[in-house]
Every structure is written in C-alpha cells, then in structure tokens.
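Notes follow the structure.
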Amino acid sequence: MAANGKVVSEMIAWIKSQKLIAPRMKDAPTFYRNLEEALDVRRSTQSLMTRGQSTWKTGDAIDFCSNDLLSLGLTGELRREFLAELARHPDFSLHSGGSRVMGGNYDYIEAVEQEIADFLGAETALMFNSGSNGNIAIYTAIPRPGDAIVYDELVHFSTHTGMAASLATTKVAFRHNDLDAFREAMSSTMDSHPMLQDGSRSILVSVESVYSMDGDVCPLVEMLEIAREICPKGNFAFIADEAHATGVVGPRGVGLVKLLGLENEVAIRLNTCGKALACTGSVVLGNATVRNMLLNYAGSLVNTTAPSFPSVAVIRAAYNLMRTGATQKAQDNIQHLVKYFFESITSSNIWDKATDLGILSIPVAEDYESLDFVTHIVPIWTRQKYNWWLFFHLQLAKIAVVPIDYPQVPKGKSRVRVMIHAGNTEEQVDYLVATLCDFANEMIDIEEGGEKGKIPKAAQEIYALMAAHA
C-alpha cells in the first residue's frame with residue numbers, strides 16, 4: 001500500500017502522542033503527574049485526542065471527514081461573499097465592547113439575527129460563539145425547577161453538559177430514535193410527577209434533527225404526536241439541535257423543522273454555523289420569551305463578549321448565500337453523491353458476503369431509495385476489533401476519515417465516519433468504494449485462511465511504525 005510521506009509522518013506523530021507519560025514522571029510535581037495519569041487512560045487505548053492536522057488540508061488526502069459540507073470553504077465562495085459584506089460596511093469596529101447585556105450589543109448583530117429569524121420562520125434569533133455554548137445556554141437557562149427533560153440517548157455532549165447544570169429535577173433518556181421507547185419515557189415521566197400531571201410543570205424533549213454519529217434523522221412528526229397524546233394539557237416543549245441539518249436539509253438549507261413545517265411546534269432550535277456554513281458560532285431560535293430567558297439566565301451569554309463584527313459578517317455572508325439559493329446546487333450534489341455511494345457499494349460483488357460476515361455494514365444505506373432525502377453522514381461499521389484496522393487501511397490509502405470510538409460513542413459502538421461533501425467527486429467516491437471493498441476482501445481472505453493472529457497489511461505497516469517509535 002503506497003502511502004506518501006505526509007500521511008506516514010502524520011501517523012508517526014499520532015503514534016508518538018499515544019505513548020504513556022506518567023510512568024516517566026516519578027520526580028515531577030504531583031499536580032502534573034496526576035494530570036498525565038488521566039491522559040494516560042486515553043493513551044492506553046490509543047484514543048488521546050491531539051491537534052494533529054488532517055492530511056486533507058495539505059492536499060495529501062481526499063476529504064471525507066471535515067465539516068465543510070457545502071464546500072463553501074473549499075471553493076472560496078464564502079470568502080468572496082464575506083469580503084463583499086465587509087466592503088459594504090467599511091467603517092466596522094473589530095471589537096464588540098462587552099457582552100450582549102453589558103455594553104456589547106450593536107445594531108448590526110440585531111439586524112443579522114432578525115434576518116436569520118425571518119428566513120427560518122422564527123420570532124427571534126440569538127447568536128452564540130459556538131454550538132456548544134448555545135446548547136449549554138439552552139439547558140442551563142430554560143428548564144424550571146420541577147420540569148423534566150426527556151432526551152434521545154445520542155444527543156450531543158454539550159447537551160449533556162447543559163442538562164447536568166440545569167434546574168430540571170428529572171432527566172430521562174430513551175433509546176435512540178425508538179418511538180416505543182420515547183412513548184414509554186414520556187408516560188413514565190408523566191405518571192411519576194404530579195406537577196406534570198396537573199400541568200404546572202413541563203416536559204422538555206431534547207432531540208437532534210440529524211444525528212452526528214449515526215447519520216439518521218429524527219422522527220419529529222411522530223414524536224410530536226406522541227407528546228400531544230401523553231401531555232393533553234400541552235405542557236411539553238421540543239428542543240431541536242439542527243447542527244447537522246442547517247444548510248443541508250430542506251430547500252435552501254432551512255433545516256428539518258422548517259422543511260416539515262413545524263416552526264410553531266418546536267419551541268427552540270439550535271442552528272450551528274461551524275458545519276455546512278463553514279464559519280463559527282450558532283443561533284438559537286425561539287420566541288421573545290425564550291430569548292429573554294437566555295439574555296437573563298444563560299451564563300455563557302451574559303458573561304461572554306458578544307461576537308465581533310467580522311464574526312457576525314461571515315455568518316451573514318453564509319446566510320446570504322443560502323437565502324438567495326446560491327447553495328442549493330451544492331445541497332443537490334451531496335444528495336447525488338451519497339446515493340451514488342450507496343448504489344455503488346451495495347451493488348459491488350463483495351457486498352453481500354461482507355455484510356453477512358459482519359465485515360462491512362452501512363445502516364443508513366438500508367432502503368435509501370425510499371427516503372425523501374439522505375444525509376451527508378455515513379458511518380461505516382465493521383467488527384469492533386477491526387475498526388482501527390479499517391481506519392488504518394483508509395488512511396494509508398490517502399482517504400481522510402474519522403475513527404469514532406469511546407467516549408465519543410458508547411463502548412462496543414465504534415465506527416468509521418465518512419462525511420460526503422458537495423465538493424467531492426464521483427471519481428473520489430469510486431475510489432472510496434474500491435478501497436472499502438479491498439479491505440473487505442482482505443479480511444475475508446484472512447478469516448477464511450484460518451491463519452491465527454494474521455492481520456491486514458495496513459495494520460502491519462502501522463504496528464511496525466509503532467514498534468519503530470516505541
């Protein structure tokens with residue numbers, strides 16, 4: 001397998017980063033040694049996260065991993081619109097001067113927020129410096145004492161962080177996208193809380209439009225029907241994280257909620273800017289009451305400097321492109337490429353045997369022809385012990401993907417995540433399919449050969465590098 005020097009050097013840097021450090025720190029201060037012991041827990045399973053630069057950024061690998069979903073960063077389209085926006089406001093200030101409630105508010109940010117709210121069918125919009133900050137703000141500011149939160153088990157980590165600090169007295173998880181489990185969670189929560197039964201407190205339902213690790217879509221319409229049935233007094237509110245729907249789902253990227261016409265049914269939406277929009281920040285959508293609660297009770301807003309003019313201008317530039325339909329062709333190409341990938345790999349000669357043996361599996365490809373739309377997130381499953389081998393195989397083939405392992409997903413649920421972008425090509429997808437099939441063929445040969453302890457060539461190469469740099 002011919003990997004170029006940049007790919008190998010990045011792998012060597014990663015290997016070195018996974019070496020245990022604490023055992024070599026016997027004479028170091030206790031404070032730092034204890035921290036390294038915590039980091040060594042990650043290193044011991046090769047799961048320590050580092051700042052390593054992905055090889056797709058240097059042009060040494062195909063990008064099947066980044067969040068630049070509409071390829072606005074790749075094409076320079078966003079940069080051009082951003083510079084045009086700056087030119088329209090040549091006297092802008094670089095500094096907001098404070099938090100939104102402590103001298104940092106200004107006309108431009110309010111105007112952009114209202115434009116976004118109008119475009120997405122909301123009464124108000126409020127900007128945050130990141131999606132995580134927005135999520136944490138929602139769950140620390142909105143739930144009242146006595147409220148309950150019922151949440152999908154796969155909601156974002158930042159949602160869990162916010163819930164942990166919330167005033168809600170009850171938090172109940174339900175099995176991912178399982179309507180029966182959701183009904184049971186809603187019923188049991190309602191039955192065990194008199195203040196929910198009498199309508200004086202509310203159940204907040206936390207979901208994502210598109211799930212970041214599984215790539216599937218929330219059954220939002222059906223969940224709302226169940227909530228109305230379980231809560232006849234109407235004391236429930238849905239909170240939808242649209243991080244992976246913003247820009248790529250619905251006409252002009254309006255997201256799942258607006259696509260389904262549920263703007264008035266979902267109380268709060270979080271639309272992030274760091275994925276399809278190729279910038280940073282997030283916007284929380286809701287009515288004036290929700291906005292005022294956030295302005296008064298969200299510490300991550302009250303105590304944080306407001307986004308600067310350039311930060312807001314690039315968000316406006318992205319929404320300008322969406323609103324005018326300039327990103328629709330990119331959206332359509334994502335749909336085409338994902339379906340092309342599904343068709344290509346499921347029709348390959350090795351597919352049936354590989355899936356029967358558990359060597360390759362793509363759950364989101366099942367019945368994809370019947371779906372209204374597919375998502376850009378394509379998790380590739382293999383046997384758990386093969387997950388890193390699959391990653392090594394793709395990495396050395398100059399395909400940049402992300403191995404997803406614990407703690408990002410539950411133990412036993414590891415997978416390799418492929419992200420398909422508007423800027424990818426059919427030829428790149430063909431190469432991805434061929435490389436996955438090569439891996440499947442090699443693993444089948446190993447299993448059928450019966451040679452104990454034999455490992456695939458890519459893993460041999462990586463393990464040799466590990467030994468050389470031990």
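Every residue gets a Cβ built from N, Cα and C, even glycine.
Summarising the annotation, Swiss-Prot assigns pyridoxal 5'-phosphate binding site to SER212, HIS244, THR272 and lists similarity to another entry as the type of evidence. Summarising the annotation, Swiss-Prot assigns N6-(pyridoxal phosphate)lysine to LYS275 and lists similarity to another entry as the type of evidence.
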The one of HIS244, LYS275 whose CB sees the fewest other CB atoms within 10 Å, among these recorded positions: LYS275
Residues close to pyridoxal 5'-phosphate site centre defined by SER212, HIS244, THR272, Cβ within 8 Å: GLY131, HIS156, GLU208, VAL210, ASP241, GLU242, ALA243, ALA245, THR246, LYS275
Rounded to the nearest Å - Cα separation of SER212 (pyridoxal 5'-phosphate binding site) and LYS275 (N6-(pyridoxal phosphate)lysine): 11
DSSP-derived class (H/G/I helix, E/B strand, else coil) of LYS275 (N6-(pyridoxal phosphate)lysine): coil
Lowest local Cβ density among SER212, THR272, which the record lists as binding-site residues, within 10 Å: SER212
Among the pyridoxal 5'-phosphate-binding set SER212, HIS244, THR272, as the record gives it, the longest Cα-Cα distance in Å: 13
